[in-house]
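Structure first, then comments.
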Amino acid sequence: MKFLLILLLQATASGALPLNSSTSLEKNNVLFGERYLEKFYGLEINKLPVTKMKYSGNLMKEKIQEMQHFLGLKVTGQLDTSTLEMMHAPRCGVPDVHHFREMPGGPVWRKHYITYRINNYTPDMNREDVDYAIRKAFQVWSNVTPLKFSKINTGMADILVVFARGAHGDFHAFDGKGGILAHAFGPGSGIGGDAHFDEDEFWTTHSGGTNLFLTAVHEIGHSLGLGHSSDPKAVMFPTYKYVDINTFRLSADDIRGIQSLYGDPKENQRLPNPDNSEPALCDPNLSFDAVTTVGNKIFFFKDRFFWLKVSERPKTSVNLISSLWPTLPSGIEAAYEIEARNQVFLFKDDKYWLISNLRPEPNYPKSIHSFGFPNFVKKIDAAVFNPRFYRTYFFVDNQYWRYDERRQMMDPGYPKLITKNFQGIGPKIDAVFYSKNKYYYFFQGSNQFEYDFLLQRITKTLKSNSWFGC
């Protein structure tokens, strides 16, 4: 389950502040920026040296750039006016860029009929107004999905709505008026799905104070399994702002995200049980659709699932693709990583998606023909990036192309036959990835071939699922 917060920070920012400024105000802003980046962008403050490099080091600059890119700001790497203003804006406290170890697996409800109960009522509003605001917030999501929500007055509900102040039993205390607005938990048992609202805020039905309906729509999105969107028009965008509730609508991005988890309103069939539909990991006939590294992890894609294998560790976890990337399709057919850029490319049919820091980039998918493929190429079977040559190899049927990532163009003289230049590797490759110890791992059906690209020969034949201790 993912713990989520909304922060409402009232300080104001002024001036563009270089990271090496020595004034008290500038240092206060830098310290505030560090705390912000630690919370939302994974800045490891303990690793920063306790010197002026703390304020000018590349690590913090990179995190500022990461934040600016995600939130649609001009990427300067500095704590300039617009960046500080965004840092002080009302927002949700879940990190904008996740390290995968922090992500829950498959955070969706495995049923279409979900109950909620309002545990207690804020004195700021009439009970009827609270009931109406919460009911309408749930209705926003039921209008675009097959989900049905029912309010119960007693007993155990799937989602519990609570108004509380200070420490309230979940190890995530509220901090009084003007700080944390609310938090929620992702789908699951126990506290899973519950939404908590800070009683020290002044809850309202209008633009004054804090609008309960708008806050609840955002929090319920998290309760249903949605993360944040980088689309500023989306209700799931990290920052909070009031909009006219009479004309409020979910954005296209919100709708795509929630429907990727639950389908559209016409899909009233029971959600598949993952115990029945998840491929058996140690099935000797198991094959994969795509495989790629992501940092020190290996992702194995199959249908709507992926397995996550951390290098040198025996433990493996299986997740829904939609749990990490709600807007992406199932059935990923090829994938590769450029680790130095924190980029992953995912392919299906004649389209591809770009993932940066585990977040989908806007304005995707794009056509695979933008790489320079001829029109007769309709899909990519497999792809792999070699950092030694800074080239990506694309495998299609019995041929392969080589792409120069620096010049952003295909190398001349391609395509070439796979069998001619990859001795022992046959056509129709299912998946391939590169290992830092000089090997390609080619997957064909239930078999896997360790290939030394320096010696240009197969060095080992394995089962495709040998990475999992099968």
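Every residue gets a Cβ built from N, Cα and C, even glycine.
Marked as Zn(2+) 2 binding site by Swiss-Prot: C92, H218, H222, H228. In the three-state DSSP scheme, H228 (Zn(2+) 2 binding site) falls into the coil class.
Counting Cβ atoms from all protein chains shown, G192 (Ca(2+) 2 binding site) has 19 others lying within 10 Å of its own Cβ. Per Swiss-Prot, the feature Ca(2+) 2 binding site maps to D158, G190, G192, D194.
Under the heading disulfide bond, Swiss-Prot lists C282-C470. Secondary structure from DSSP puts C470 (disulfide bond) in coil. Neighbour density for C470 (disulfide bond): within 10 A of its CB lie 13 other CB atoms from the protein chains shown.
According to Swiss-Prot, the feature repeat 'Hemopexin 3' maps to 377-425. Mean pLDDT for the repeat 'Hemopexin 3' (377-425) in the predicted structure: 95.
What Swiss-Prot lists as repeat 'Hemopexin 4' is 426-470. A Cβ distance under 8 Å defines the sequence-distant neighbours of the repeat 'Hemopexin 4' (426-470), meaning residues of its chain 6+ beyond its ends; these are 281-293, 298, 300-301, 307, 309, 314, 316, 334-336, 381-387, 393, 395, 397-399, 418-419.
The binding-site residues D158, D194 differ in how many other CB atoms lie within 10 Å of their CB, and the one with the most is D194.
H222 (Zn(2+) 2 binding site) falls within a helix when secondary structure is assigned with DSSP. Listed recorded positions: C92, C282. The one with the lowest count of other Cβ atoms within 10 Å of its Cβ is C282.
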